[in-house]
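Each remark here refers to the structure printed beneath this line.
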Amino acid sequence: MLVAPASQQIIATYKNRPVTLAILGSGAWGSALAHIAATNHHTVRLWSRSGSVSLRNAVVGADVILSAISMKGVLDLVTQLKSLAIPETTVLMTATKGFDPETTLTPSVIFQQAFPNHAVAVLSGPNLSKEIEAGLPAATVIACVNETAAEAVQHVFASDHFRTYTSTDPLGAELGGTLKNVVAIAVGVCEGLNLGSNARSALITRALPEVMRIGTHLGGHPETFLGLSGLGDMLATCTSALSRNYRVGYGLAQGKSLEQVLEELGSTAEGVNTAYVLHDIAQREQLSAPISQQVYLLLKGDISATEAVAALMERKLKAEDYQEVLQCE
Ligand SMILES: NC(=O)C1=CN([C@@H]2O[C@H](COP(=O)(O)OP(=O)(O)OC[C@H]3O[C@@H](n4cnc5c(N)ncnc54)[C@H](O)[C@@H]3O)[C@@H](O)[C@H]2O)C=CC1
Ligand SMILES: O=C(CO)COP(=O)(O)O
């Protein structure tokens, strides 16, 4: 990412003045982020693929373009954006949590490959949109290799209710938010089966080294997984019935089919796609992912929720392995 010095100077000004934002995706998360930015007196254009405004008109002249669409649309959206002349002074942001099934890449990597000279930032944290829409306090991470851009958009989104922290590890931030969705499905199963607080705590705690092992192998920094976009997001999603991924697991544990659970949900639960793509990544990279593997088998319908729990409990006894994940850089 090689933003030219003149562009850097312009980006630095976004910190101190109202900017124009194009928010792509008017689902739950895009709408909540649009609301935050509008309340901060920025000009916001909220674009949806089914709306009347063209993508070209939505992004023309925007200082910041933030994508908050479901993972399944990211590759196509980036291809469309690439055909538009987007100046290098525009900061590109992504708030999607997932892996592209075709390339197994995360959204920020897809954006950065398509726009090598732009600043690409990730916004990710414990951010259940319903709570944010209700004006409850929350914090998030804005991660970008370009620190000037991270700081600029930190100020664009910061408010009394929404505290923004910067990071220089966009991939780690994004992987934390992506991988925890599979864990949230597992915890939803645990809760749906009424396995108790000890089991829930054990599952979340053991999921952390799993997320860190995979996340660091894929390029995230170990410490990022202990912050808001890692452990923070995992705790929010694994302990709230507002989480759609948690609700997927809960419904499956009650004996509902995946189709039924998703239909009742009526909105995106990225953990389902992530579990499938993660299975491929883990096989390809020879990564141990026992919890995510049971979620994958459950989603595929190969095992029941009870069998998934039994498989985890019956694994070979071993030592706790935090040294491995904390020393992996
Ligand atoms: N809702 C939340 O609390 C949070 C959601 N996220 C992430 O944000 C992303 C979007 O989530 P939500 O807004 O909650 O989902 P949603 O289901 O409410 O909305 C999804 C949006 O993506 C758009 N979309 C879907 N496929 C598309 C395609 N092929 N091309 C263009 N647009 C397409 C839909 O039209 C819709 O606007 C997900 O990756 C999710 O994990 C991240 C943090 C919080
Ligand atoms: O990512 C989220 C909270 O940070 C939203 O979680 P769900 O997608 O499970 O609702």
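Glycine is treated like the rest: Cβ placed from N, Cα and C.
What TrEMBL says about this protein:
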- Lys180: active site, proton acceptor (ACT_SITE)
- Trp29, Arg49, Lys97, Ser129, Arg244, Glu270: NADPH binding site (BINDING)
- Lys97, Gly125, Lys180, Asp233, Ser243, Arg244, Asn245: sn-glycerol 3-phosphate binding site (BINDING)
- 21-50: domain 'Glycerol-3-phosphate dehydrogenase NAD-dependent N-terminal' (DOMAIN)
- 54-149: domain 'Glycerol-3-phosphate dehydrogenase NAD-dependent N-terminal' (DOMAIN)
- 169-309: domain 'Glycerol-3-phosphate dehydrogenase NAD-dependent C-terminal' (DOMAIN)
Report the mean pLDDT of the predicted model across the domain 'Glycerol-3-phosphate dehydrogenase NAD-dependent N-terminal' (21-50), rounded to a whole number.
-> 98
Work through the binding-site residues one by one (Arg49, Lys97, Arg244) and point out the residue whose CB has the fewest other CB atoms within 10 angstroms.
-> Arg49
Which of the binding-site residues Ser129, Asp233, Arg244, Asn245 have a Cβ less than 6 Å from any atom of ligand 2?
-> Asp233, Arg244, Asn245
Given the binding-site residues Asp233, Glu270, which one is most crowded in terms of C-beta atoms within 10 angstroms?
-> Asp233
Structural state census, the domain 'Glycerol-3-phosphate dehydrogenase NAD-dependent C-terminal' (169-309) (DSSP three-state) = 110 helix, 0 strand, 31 coil
Out of Arg49, Lys180, Asp233, which recorded positions lie by ligand 1, with a C-beta less than 6 Å from some atom of it?
-> Arg49
Could you round the CA separation between Asn245 (sn-glycerol 3-phosphate binding site) and Ser129 (NADPH binding site) to a whole angstrom and send it over?
-> 13
